[in-house]
Amino acid sequence: MRILSGLQPSGRLHIGNFFGMMEPALKLQHEGDAYYFIADYHSLTSVHDGKALRSYVRELAIDFLACGLDPDKCVFFRQSDVPEHCELSWILSTITPMGLLERCTSYKDKVARGIQASHGLFAYPVLMAADILIYDSDIVPVGKDQKQHVEVTRDIAIKMNETFGEGLFKLPQPRIQEATAVVPGLDGQKMSKSYDNTIPLFEEPGPLKKKIMGIKTDSTPVEAPKPVEGSSILALYKLVASQSDYDAMVADHLNGGVGYGDFKKRLLQGITDYFAPFRARRDEIIADKGYVDKVLAEGAEKARAVARKTLSRVRDAVGLG
Ligand code: TYM
């Protein structure tokens with residue numbers, strides 16, 4: 001079973017990325033043949049600063065390794081080290097109906113949020129299809145916002161198979177973990193950089209405290225019971241707390257007598273404790289000069305060997321070269 005997923009290096013990773021994609025992906029690295037990559041070609045649609053992009057790539061690699069990605073168990077690489085993705089993307093784009101891309105909601109969302117409406121942004125799902133199909137992936141662990149893109153990938157694969165021969169591409173399945181399909185941000189909307197509501201994975205203690213204590217709450221008095229539904233404090237606490245601590249916080253909401261300040265303090269402690277071991281590992285990785293470059297170089301070599309093979313099969317089928 002081949003598992004594949006990617007993350008964009010377009011800023012600091014947040015706990016939505018962690019619980020929505022990284023944690024499920026980390027579990028799956030023990031269950032199959034996993035390929036995880038840093039989608040830097042995709043990030044060019046929003047990051048137009050070479051120095052910044054390079055540093056985001058590095059930070060993302062460090063963070064993913066710190067969270068438990070094991071380069072002996074899976075292939076971890078940078079997308080732009082495998083330029084075959086771009087060639088396949090072009091081939092796929094020639095059979096991708098415009099309507100399929102026009103229906104993608106993320107293009108419209110991103111433009112509405114101020115990202116430049118470029119051709120690359122519009123064609124983004126085709127490059128994503130190439131990322132997935134070039135490794136003959138079976139399963140793609142993602143958060144809910146990427147589901148439509150995996151469905152587009154399936155549609156493109158079906159069209160390629162109908163046009164150039166059945167069996168040319170495997171049809172991948174999205175794998176979405178229901179409980180963390182949409183991790184809420186500080187304001188209760190989906191956690192996303194463009195909503196400015198994120199909790200970065202490795203936020204420093206001072207800014208982390210400021211963010212958590214600044215979560216907007218209603219004006220229910222301390223003594224009164226508090227609503228459980230729609231509480232982003234509770235939803236976030238559920239991700240990091242033990243079941244008994246979470247149940248205790250729910251009970252304190254229902255019974256009243258405990259204020260929001262107290263709930264926020266528990267959430268802050270929960271997040272700090274949950275990520276503490278990863279933070280320690282992160283410091284070790286940063287101190288180990290050359291480690292990240294070595295991992296990415298080895299990953300690129302392995303990924304490229306697979307990608308080249310698929311691309312040559314596709315070139316053959318479509319009549320190139
Ligand atoms: P990206 O970088 O926006 O997000 C990376 C992963 O994090 C998930 N995610 C969330 N999950 C739950 N709740 C949230 N609030 C939340 N925010 C983000 C995303 O669903 C995603 O799984 N297009 C992709 C990168 C990509 C890719 C691929 C993924 C490029 N090629 C091929 C899979 C396969 C993206 O922008 O993810």
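Cβ from N, Cα, C; glycine included.
What TrEMBL lists as ATP binding site is Gln8, Pro9, Ser10, Gly16, Asn17, Gly143, Lys144, Asp145, Val183, Lys190, Met191, Ser192, Lys193, Ser194. Look at TrEMBL and you will find 9-17 tagged as motif ''HIGH' region'. As annotated by TrEMBL, L-tryptophan binding site applies to Asp131. Sequence annotations record features per position, and here TrEMBL assigns motif ''KMSKS' region' to 190-194.
Sequence features annotated in TrEMBL and their locations in the structure.
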residue	record	DSSP (3 states)
Gln8	ATP binding site	coil
Asn17	ATP binding site	helix
Asp131	L-tryptophan binding site	helix
Lys144	ATP binding site	helix
Val183	ATP binding site	coil
Met191	ATP binding site	coil
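Long-range neighbours of Asn17 (ATP binding site) (same chain, six or more residues apart, CB within less than 8 Å of its CB): Leu7, Gly143, Leu201.
In this entry, Gln8, Pro9, Ser10, Gly16, Asn17, Gly143, Lys144, Asp145, Val183, Lys190, Met191, Ser192, Lys193, Ser194 make up the residues listed for ATP, with the farthest two CA atoms of the set 19 Å from each other. Checking the binding-site residues Ser10, Asp131, Val183, Met191, Lys193 against ligand 1, the ones with a C-beta less than 6 Å from an atom of that molecule are Asp131, Val183, Met191. Counting every protein chain shown, the number of other Cβ atoms lying within 10 Å of the Cβ of Gln8 (ATP binding site) is 23. Outside the motif ''KMSKS' region' (190-194), and at least 6 residues removed from its termini, the chain residues within Cβ reach (under 8 Å) are 10-11, 14-16, 110, 113-115, 145, 182-184. In terms of C-alpha distance, the listed binding-site residues Gln8, Ser10, Lys144, Met191, Lys193 place Gln8 closest to Asp131 (L-tryptophan binding site).
Looking just at the motif ''KMSKS' region' (190-194), the mean pLDDT is 90. In sequence order, Ser43, Ser46, Val47, Tyr56, Lys193 are the residues near Ser10 (ATP binding site), counting only same-chain partners six or more apart with C-beta under 8 A.
Taking the binding-site residues Lys144, Lys193 in turn and counting surrounding C-beta atoms within 10 angstroms, the largest count is reached at Lys193. Packing around Asp131 (L-tryptophan binding site) is summarised by its Cβ count: 27 other Cβ atoms lie within 10 angstroms of its Cβ, all protein chains included.
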